[in-house]
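Peer 1: First, the structure itself, so that you have it in front of you.
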Amino acid sequence: NSREEEESKYTFCRAFFTTLNELNDYAGQHEVIAENLTSQIIAELTRYLQELKTERKSHFHDGRKAQQYIENSWKQLESSKKRFERDCKEADRAQQYFEKMDADINVTKADVEKARQQAQMRHQMAADSKGEYTANLQKFNQEQNDHYYTVIPNIFQKLQDMEERRIERIGVCMKTFAEVDRQVLPIVGKCLDGMTLAAESIEPKTDSKQVVEAYKSGFEPPGDVEFEDYGQAMKRTVSENSLSNSKEGKEKPPGKSKTKLWPFIKNKNKGSGPEDFSHLPPEQRRKKLQGKIDDLNKDIQKEMDQRDALTKMKDVYVKNPQMGDPASVDPRLSEIGQNIEKLQAEAQKFEGWLAEVEERMPSKSDTHRRSGFYEAQSTPAVSNNCAQDRESPDGSYTEEPNSETQVKANVNPNTIPTTMPDFDEEFDDDDPLPTIGTCKALYPFEGHNEGTIAVAEGELLYVIEEDKGDGWTRVRRKEDEEGYVPTSYIEVNLEPNAKGAMTYI
């Protein structure tokens, strides 16, 4: 937009924009890092983590299964051992019982035979239990040896291998992170180099010169104040200018005047200003008028291009009626012609104002600047040295030295004059003007214009600046609301000894 175009003229703005662009590229490289880390590390690690969990779970399951198997083998061994012990004890008891029956003479032979058979059976059962226990013992010893020397070591070896692969994978990820970051380092370095070059391209003096060129006012410094010898009778030309200046000399008491130069005032005019930009300083006014003329010329050129295109289209329709009606283009051509005339009239108006400004502006080769009023004043009458620097009530400026000092007996309250008297205290908010009297509004005043204040009929106000002959009086309501009202609309009561009160002769 226009603001960006305006800012792009300055080196520090261009450097800042360049830095922002480089910073955007710098951030883009960090986005590349984040994307690569997501695809090459996070996604791979997530998948690998699931595989590790599954493998680890499988190894622990094998370990628990081997542990359970050896425990079952131990239980079988203990069971066969207890059975062998029980059978041996029963075989001993049966043998002792047989021997007892065999030694007893009172026992029949059949009972002795029965006891012998029972003892043999028990010995056979003990022998069978012994064989089973021996077999289970050999089996358990072999399984226990396999468990502690083969199965469990294999499981632990697998867990160790899995852990080593996990640790190795962590190192690979760290290396990948470094490589991903290293890949963008050249681009990041270029971004930082671009920021450094942008900072080194800033030229403060060039920027300040552009600001001076863009905002220079074009005001002429006032000439030397001429000595007025009141000791000798002088023939002064009676004119509105001399009358106004003589009044001005009486109206400003010694020590009260505070001359304020243009750059250091507070402009209370927040409106857009008049169409001819007369509220602006000469140089600024010239630039505004030139810009307005350029815009109007562009609009005129656009309208002309449209007119040429429509004219060609009409010629085509005339030569080939089947393509369209030539009369259908005439209304649009007429409208464009009217628009061109309006724009040309508008451009001529602004060109007239521009020529007026350029005539009044001093030549760049003229080292001795003086106002046109000095050149026109041939007699040593009281002259208005700062006519161009005078302020109107809305903080605007005028280049008409004579129009400011016209004495108006009757003022149209609905039309504020384009120029107002010079009030040195206009923009002094820290040192407000003292009250020199009061006034009563005889008629209502709307005060639509900049610098005026609306009053109601019968309202009482304070007078801070009396009418200087132009038909306007400066009044104040409360502490911070002040402005101008038509003198003919109020009844003024001045304090006799008020500072700033004045009497017309």
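Glycine is no exception: its Cβ is also placed from the backbone N, Cα and C atoms.
Unlike curated entries, TrEMBL annotations are predicted automatically.
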Peer 1: If TrEMBL is the reference, give me the range from 62-89, 202-229, 286-313 marked as coiled coil.
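Peer 2: Feature coiled coil in TrEMBL: residues 286-313.
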Peer 1: Other than its close neighbours in sequence, what residues sit by the coiled coil (286-313), given a CB gap under 8 Å and a spacing of at least six beyond its ends?
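Peer 2: Those are 214, 218, 276-277, 280, 324, 329, 332-333, 336-337, 339-340, 343-344, 346-347, 350-351, 353-354, 357-358, 361, in sequence order.
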Peer 1: Summarise the model's confidence over the domain 'REM-1' (279-356) as a mean pLDDT value.
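Peer 2: Value for the domain 'REM-1' (279-356), mean pLDDT as a whole number: 85.
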Peer 1: Residue counts in helix (H, G, I), strand (E, B) and coil for the domain 'SH3' (434-495), per DSSP?
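Peer 2: Breakdown, helix to coil: 3 helix, 31 strand, 28 coil.
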Peer 1: With DSSP as the yardstick, break the domain 'REM-1' (279-356) down into helix, strand and coil residue counts.
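Peer 2: Residue counts in helix, strand and coil order: 72 helix, 0 strand, 6 coil.
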